Structures are given as C-alpha cells and as structure tokens.
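S.K.: The following block contains the structure, expressed as structure tokens.
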Amino acid sequence: MGRLRVLLLWLAWWLSQAGIAHGAGSVRLAGGLTLGGLFPVHARGAAGRACGTLKKEQGVHRLEAMLYALDRINADPELLPGVRLGARLLDTCSRDTYALEQALSFVQALIRGRGDGEEASVRCPGGVPPLRAAPPERVVAVVGASASSVSIMVANVLRLFAIPQISYASTAPELSDSTRYDFFSRVVPPDSYQAQAMVDIVRALGWNYVSTLASEGNYGESGVEAFVQISREAGGVCIAQSIKIPREPKPGEFHKVIRRLMETPNARGIIIFANEDDIRRVLEATRQANLTGHFLWVGSDSWGSKISPILNLEEEAVGAITILPKRASIDGFDQYFMTRSLENNRRNIWFAEFWEENFNCKLTSSGGQSDDSTRKCTGEERIGQDSTYEQEGKVQFVIDAVYAIAHALHSMHQALCPGHTGLCPAMEPTDGRTLLHYIRAVRFNGSAGTPVMFNENGDAPGRYDIFQYQATNGSASSGGYQAVGQWAEALRLDMEALQWSGDPHEVPPSQCSLPCGPGERKKMVKGVPCCWHCEACDGYRFQVDEFTCEACPGHMRPTPNHTGCRPTPVVRLTWSSPWAALPLLLAVLGIMATTTIIATFMRHNDTPIVRASGRELSYVLLTGIFLIYAITFLMVAEPCAAVCASRRLLLGLGTTLSYSALLTKTNRIYRIFEQGKRSVTPPPFISPTSQLVITFGLTSLQVVGVIAWLGAQPPHSVIDYEEQRTVDPEQARGVLKCDMSDLSLIGCLGYSLLLMVTCTVYAIKARGVPETFNEAKPIGFTMYTTCIIWLAFVPIFFGTAQSAEKIYIQTTTLTVSLSLSASVSLGMLYVPKTYVILFHPEQNVQKRKRSLKKTSTMAAPPKSENSEDAK
C-alpha cells in the first residue's frame, strides 16, 4: 500500500506539472468547496484512440444535471449559507484506465500541500525560485463515475486520499464491500437488489430455464454472478448458459453469441447485463440470424427505458422486460436544459460538440470552414423543438448525488462552524473522513420526492420500476416502454399489462422441459434440477403429485387421465346377458323334457318298458338329470350366501346322483353277465333295494363332503377385482361371485367325474353283453359321449382363466357342459323309451321270457331267470 501511494503521488505530481487533465479537458466552476465530477461524455475510442463519439444522453445530460444541481444549491440561502460550491467535471471516455488518469487531477492539491516543504528548498541557477503553475482546486468529494469498472478504478485512488465518492449509476455488488471501498457510496441500489428483482420477474413469468449474457467487466459479470447466486438460493431457476461478451469483441463475436444461445433453444429467456453498445449489437445479430421474436430479453438498468440501444431494432426488442431504479423525470431540469444555447452555456466545453450532434449541423470555427455536405448551425436552434429530447434516466440520481454531498457539508458546517457564515478554520481543509460520516448520515427527500439515504455500506435502498417494450397498433417502431410493475423488496408485476408476440396475454415459455400433462410425473434429469422427462403413470398407477405415481387400491382403477382413482365397476352374469341365453335355453328345455319323461314314466309305471328300465334307479337318475339342469339357474343367479351354499351342494349332487345310478346299473349288468359265465347262481345285491342302497351310499359321500366344506368354510359372496384386472384399466371390472376358486369348483365335480370314469370302464367291460341286456349299449354310448364332453370342457374352462371374459366363458362352458351331459343321458336312455310309450304303445308289451339259463347259454349253463333283464 505504501509503495502504491508513493507511486500515485509521483504520477499525480507529474500530471500537475504537465498540465494534463487541466484546462481544456474539463469543466470548471469556481467555489469555496470544489466537487469533482466524472461523466462518460464520450464513448470508448477505437484503434488506439482514448475517446470516441459523443454520448448525448449518458454524457452531456448527466454532466448538465450536475451543473443544474450546483446552480440550485448555490442559489439556495438555506443550504450552505455563505459557501459556494465549485466543480471540476471530467470526461472518462467510458474507459477505466483513462478515467484513472483524469481522476488523479482530483488529488493534485493534496500532493502540492504535502510537497510544499520540498518545493521551498528548490532553487533555479542564480537562486531564483522555480515558476509554479496556478494551484489546483482542492476537491472535497467526487460525483461519479457511471460504469462500475470506472468507479472501482477511481475508488481505489480516492480512498488513499480520503476523498468521499458518490456514484449515480454504478451498481456492481463488488462496490458494497466497505472494507475495500470504504469511501464509496451510491444513490442507486446495487445489482444484488436488481438481480433479486430479476429473479422474481423470471419466477413470476413461470420461467425456470434461462441464459445469462454479460459485458466483460465488473458491472456485467458481477450482475450475472449475483443473479446466478440468488436464483440458486431461491431454487426453481436453472441457468442454461452464461455467456460473456469480450471488452474488445472481434468481428463475428455477436453471431457466435447468438449461435451459443441457440444451443439451448428452450432457454428463450435471456438475462442481459450489458452496456448499450453490446445490447445493440446483440439485437443486430439476432435480426441477422432471423431469430426475431425468439429470445425473451430481461434487461438490467443499463438498458432501462433507453431508446438508443434499440433504435431501428424495435422488432427485436418487442416484449423485452427492463428494469430501472425508481426514478422520475425532473421538470426543472427539462426547463433548464431546453433553454441551454451556445450563448448561455459556454461553461460546458463539450456543449458545442453536443450542439452539432444534436442538430446534425456544423459550426464554423475560426480559421476553418464548415463541411459543405453538412448544414451549418445557426445558433438559433432550440432543444426539444428542432430536435427530439427525452430526459436521460440517471439525471435524477446525478442531482441526488450532488445534493447528498451538499446536505452532508451543510450538516458538517453546522456542527463544526456553528453560527458562522461561510467556511471556518475547522473546515479548511475539509476532512474527508469526517465528511464521509456526514454523507452516510444524510436523509432527505430527493429531486423526485423519494427518500435519499445510505446504509452502512454506502448503498441506497432498492426501488425499481419495471418496463416492457411494447408495439403500438402492431407497429414496433411506433411502440414504447410501458410501466408494468415495481420492485421494492417484493415484486408487484401487472401480468395483464404485459404483451407478447403471438397471443398477447399468454406468457411464452422458457423452460428446459415442457410441463407434464395430466397423469404424468416428472422424472428429473440428474444434475439439472430444472430439466425432466415426462413419464406416464400407466397401468393402474395414478399421479399423486408432479413427481410421484402410485398404484390405485385393489378395488379401484385410475381415472381416464390417471390423476386419481375411482371405484372399479362390479359385474356379474345376469339373466339378460347374451352369455346366459344358451345355458338358460338348454336348462329350460332340459327341465321340460325331464319333467315330461318323469311324468310319462309315472303314468306308465307298470308297463313293461318302465319296469324293464329299472324303475327305482330310473327315477333316481332322472332326478339327478333334473338337478343338473336346475344348477344353471343357480349359476346365473346373483351370488349371495344362500345361492353360494346351494351351488356347492347341488353342483356336484346332480352329477353324483346320475353317475352313481348309472354306475350301479352298469355294475349290476356286468356282474350278472360275469356270474352267468361261471354259474347259474345270481350275484348278490342286484335287487332294486340293494341298487338304491348302493346308489345313495355313493351319493352320500358327496353330500357329507359338501356339508363338511360348508362347515369349515361358510359360503359367502365376494367381489374379485383380480379376475378382470385387464391391461387396460378402462376394461377392468370387479366380479361378484361366490367364494369358489376354479380348483374348488373342479373339486366339487371331481367325485362325480370319478364315478363317470368308473362307469365308463364298466360300460367298456360290458360291451359284449347280449342284446337281451338292452341298456348296456345305450349306457356305454352315454358314457363315451359324456367323457368327450368333459374332455372338451377342461381345456376351455382353464384356457380362459386369464381372459377378461372369464366369468362369462367359464360359467357358460360349465353350465352348457352339464346340460349337454344331462341331455346325452336323457336322450340315449329315456327319450327312445318315452317315444315308444307315447307313440307306439303296441310295442309296450311283455315279450316272451327268456330265462337266465337261455340268455347265458353263450357263456355258461343256465341256472335261473330274471325277467327284469329281458324285454
């Protein structure tokens, strides 16, 4: 620090001797206390030149605002009475290094004061003292600079000499560091507030994926850094790309910027912290890339509500949202500035250049001639009448900065020079540290009526106006900036006032991923919290929240859009169902036929045909057939405890009763035939009573088993939601049924199927019985056909176990198979007999008796007769 200070002292002394930045390069006002001023009167020069073109608004307007403020303060008898404020106003040429050279002139008086002892000992040859230049003004405080990079460079010098500095435009967050920039203050809020406001705007617009664009330097880079940091802490906003525009951009640099931005086309929102020149060239590159309307700009206060960055580029700027520290147009300055002329404003050395630029004319200087191609200035032109005029946005803050110093000096004067008019010895010279204390303590209403104050870091409170550039009647060139909101610690954005290309009131998206539709969840991309893939909540899952899918409960299915669950419809086989038509038809016809046959047999109970068929077992068999047909109605009926109990009992009872009777009858025929081969003694248990006992004994096993089942597992109805849980939830149904599984159902029929197989075996064995045993072959054909029916039933029944129509197919298959097996028995064994009884009664007579001996001569000697076995 010591070496740097010595170096700066030497450099400042050399500049003072050389006369640099003194005289023609500055605006000077005499006064008891001198304020310094730094303004970007000219743009940065190119090709090695320090300064470029004149900046009418940012430069001249702001400089004149300081002169206007000084005039008002010096004319105010209540503020600093007896003290006149002077000024030394310099041009920074928008370059930090050049501004540093200029700012060194502010410390010349301090250097001279400290070097007087040394200079007194210096003598020229002959003892003549050296010639001295006029002593420079002692600058007590500095207003400026504009760009943050310039303010940082200057602040590093001014703090060494304890000269307070107040900026009217520098907003870099870096300048809030009071340990490094302890003599720096500003009447504009730092970019940390601005960045917070921009984050709030982005979130209010529903954007979560944006890119940032910054001019190289403290302002742009610090602003973007603050935005990124705040957005990261707030969450919900991701940065697609952060692009920096070089301080000295090469040809094609801005086309490269646009190409990089298009690498993430979904990030349409562009947060731009850039100077006016860079903003303009970015818009030009956008037009040349034919991307007008694609990017959605959110500009910082360097864009604000200025026309110059978007002049002739209005189409590209339509929809841009910009931010500007809350300000108001100062009417008094407008009146002051619009009355400035070449005659009454000779103190501003750059005003003639402004005049030529503003009126597009040329002044004739002494010894020269005006350019023939340019109109000659008359000097009678009027600002605002012969040229366009709009007050520059930072004029208010320049005035407030000057007044802040004046109020601080006034408070300091009252404290150090009580009752004294003019400066007192306590303020000569003015101590910079003491003045800084009073600056930080000021609080007054500024030129726009808003409070001016500083916090402990020298920052002003954050208050911003939010604008949007909007087309007028569809024309961008005739559009303008419209106020759409404010920010003061919280955002107030009028969404209805916003206008966009396309649908004027629909905010264009700037999102990494489009919002997921109903019934879809976000599957986040690792490492990019704002990007996701949409994954459908398919099957029986529904969307719980934007990140989660869950399965619906077993008794429910998802809504069509999978945003919730709804009860699964319950179905059953109804009487009106097409699936029930055929089983019911067969059952009705079967019951009618069975009833007719039973009635016929009972009416002709003592006729030879009825007697020969074995009346007792025939009635048992017909009863079983009747029950088989009747079970169809129980299978179609609505399931309940009583129906389910009846199904268990009757499902196997009818078939067991039928096949027990057929087995008993077939076994009797087989035993009689086999016994006849060996002897004439009849086999045991062939009487009708024995046959009934055997039949009911076989049937009782089924009854006992079912009763035990009913006791162990009481019947009840259930709703099975798995049976018709199809791939498509819309087709899912809950099935109301009895609590009988497929295996339970087969188990219920298993015993009767065993009897059927056994009966078939005996029928095969008895196939060689003589024709006198006339029922052997019909029974055989009955059993063969029945076996075929049940063999077909098994694959159909179990092959449809996974079908959505399972309840219908299986019930229909079972009932039809039962009815067909019953119909085969009825048709093979009793229809022919009934036909003879009803239509050929002449054949229902007892034929000649054949003795058992006669009948069995083919196998063994006769021993007895049995009229029941012959027709």
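Just so you know, glycine gets a Cβ as well, placed from its N, Cα and C.
Below are the features I grabbed from Swiss-Prot:
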- 1-23: signal peptide (SIGNAL)
- 24-579: topological domain 'Extracellular' (TOPO_DOM)
- CYS51-CYS93: disulfide bond (DISULFID)
- SER148, ALA169, SER170, THR171, TYR219, ASP301, LYS394: L-glutamate binding site (BINDING)
- CYS238-CYS530: disulfide bond (DISULFID)
- ASN290: N-linked glycosylation site (CARBOHYD)
- CYS361-CYS377: disulfide bond (DISULFID)
- CYS417-CYS424: disulfide bond (DISULFID)
- ASN445: N-linked glycosylation site (CARBOHYD)
- ASN473: N-linked glycosylation site (CARBOHYD)
- CYS512-CYS531: disulfide bond (DISULFID)
- CYS516-CYS534: disulfide bond (DISULFID)
- CYS537-CYS549: disulfide bond (DISULFID)
- CYS552-CYS565: disulfide bond (DISULFID)
- ASN561: N-linked glycosylation site (CARBOHYD)
- 580-602: transmembrane segment (TRANSMEM)
- 603-616: topological domain 'Cytoplasmic' (TOPO_DOM)
- 617-637: transmembrane segment (TRANSMEM)
- 638-648: topological domain 'Extracellular' (TOPO_DOM)
- 649-667: transmembrane segment (TRANSMEM)
- 668-691: topological domain 'Cytoplasmic' (TOPO_DOM)
- 692-712: transmembrane segment (TRANSMEM)
- 713-742: topological domain 'Extracellular' (TOPO_DOM)
- 743-764: transmembrane segment (TRANSMEM)
- 765-777: topological domain 'Cytoplasmic' (TOPO_DOM)
- 778-800: transmembrane segment (TRANSMEM)
- 801-813: topological domain 'Extracellular' (TOPO_DOM)
- 814-839: transmembrane segment (TRANSMEM)
- 840-871: topological domain 'Cytoplasmic' (TOPO_DOM)
- 848-871: region 'Disordered' (REGION)
S.K.: Taking only the residues the record lists as binding L-glutamate, namely SER148, ALA169, SER170, THR171, TYR219, ASP301, LYS394, what is the largest Cα to Cα distance between any two of them, in Å to the nearest whole number?
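M.R.: Pairwise Cα check on SER148, ALA169, SER170, THR171, TYR219, ASP301, LYS394 gives a maximum of 16 Å.
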S.K.: With contact taken as 3 or more Cβ pairs under 8 angstroms (pairs 6 or more apart in sequence), are the transmembrane segment (580-602) and the transmembrane segment (814-839) in contact?
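M.R.: Yes, since the transmembrane segment (580-602) and the transmembrane segment (814-839) share at least 3 Cβ pairs closer than 8 Å, they count as touching.
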S.K.: What residues elsewhere in the chain lie close to the transmembrane segment (743-764), defined as a C-beta under 8 angstroms and at least 6 residues from its ends?
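M.R.: Beyond its ends, the transmembrane segment (743-764) has Cβ neighbours at 648, 651-652, 655-656, 658-660, 662-663, 666-667, 670, 698, 701-702, 705-706, 776, 779-780, 782-784, 786-787, 790, 814.
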S.K.: Is the transmembrane segment (649-667) in contact with the transmembrane segment (692-712), using at least 3 Cβ pairs under 8 Å (sequence separation of 6 or more) as the test?
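M.R.: They do touch: at least three Cβ pairs between the two stretches lie under 8 Å.
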S.K.: Between CYS51 (disulfide bond) and ALA169 (L-glutamate binding site), how many Å separate their Cα atoms?
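M.R.: CYS51 (disulfide bond) to ALA169 (L-glutamate binding site), Cα-Cα distance: 20 Å.
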S.K.: In angstrom units, rounded to an integer, how far apart are the Cα atoms of ALA169 (L-glutamate binding site) and CYS530 (disulfide bond)?
M.R.: 34
S.K.: Starting from each candidate's C-beta and looking 10 angstroms out, tell me which of the recorded positions THR171, ASN473 has the most other C-beta atoms.
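M.R.: Of the recorded positions THR171, ASN473, the highest Cβ count within 10 Å belongs to THR171.
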S.K.: How big is the Cα-to-Cα gap, in Å, between CYS531 (disulfide bond) and TYR219 (L-glutamate binding site)?
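M.R.: Cα-Cα, rounded: 30 Å.
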S.K.: Among 617-637, 649-667, 814-839, point out the range having the most Cβ pairs under 8 angstroms from the transmembrane segment (778-800).
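M.R.: It is 814-839, which has the most Cβ pairs under 8 Å.
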S.K.: Please name the residue among the disulfide-bonded residues CYS93, CYS417, CYS530 whose C-beta has the most neighbouring C-beta atoms within 10 angstroms.
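M.R.: Within the set of disulfide-bonded residues, the most crowded position is CYS93.
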S.K.: What is the total of other Cβ atoms whose distance to the Cβ of CYS361 (disulfide bond) is within 10 Å?
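M.R.: Result for CYS361 (disulfide bond): 18 neighbouring Cβ atoms inside 10 Å.
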S.K.: Within its own chain, what residues at least 6 apart in sequence put their Cβ under 8 Å from the Cβ of TYR219 (L-glutamate binding site), listed in sequence order?
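M.R.: TYR219 (L-glutamate binding site) has long-range Cβ partners ALA147, SER148, SER149, SER170, THR171, ALA172, ASP191, PHE273, ASN275, SER302.
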S.K.: Sort SER148 (L-glutamate binding site) into helix, strand or coil using the DSSP assignment.
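M.R.: The residue in question, SER148 (L-glutamate binding site), is helix (DSSP, three-state).
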S.K.: Summarise the model's confidence over the topological domain 'Extracellular' (638-648) as a mean pLDDT value.
M.R.: 88
S.K.: Let's see if you can do this one: DSSP helix, strand and coil counts over the topological domain 'Extracellular' (713-742), in that order.
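M.R.: Secondary-structure composition of the topological domain 'Extracellular' (713-742): 4 helix, 14 strand, 12 coil.
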S.K.: Is TYR219 (L-glutamate binding site) helix, strand or coil when read with DSSP?
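M.R.: For TYR219 (L-glutamate binding site) - judged by DSSP and reduced to three states - the answer is helix.
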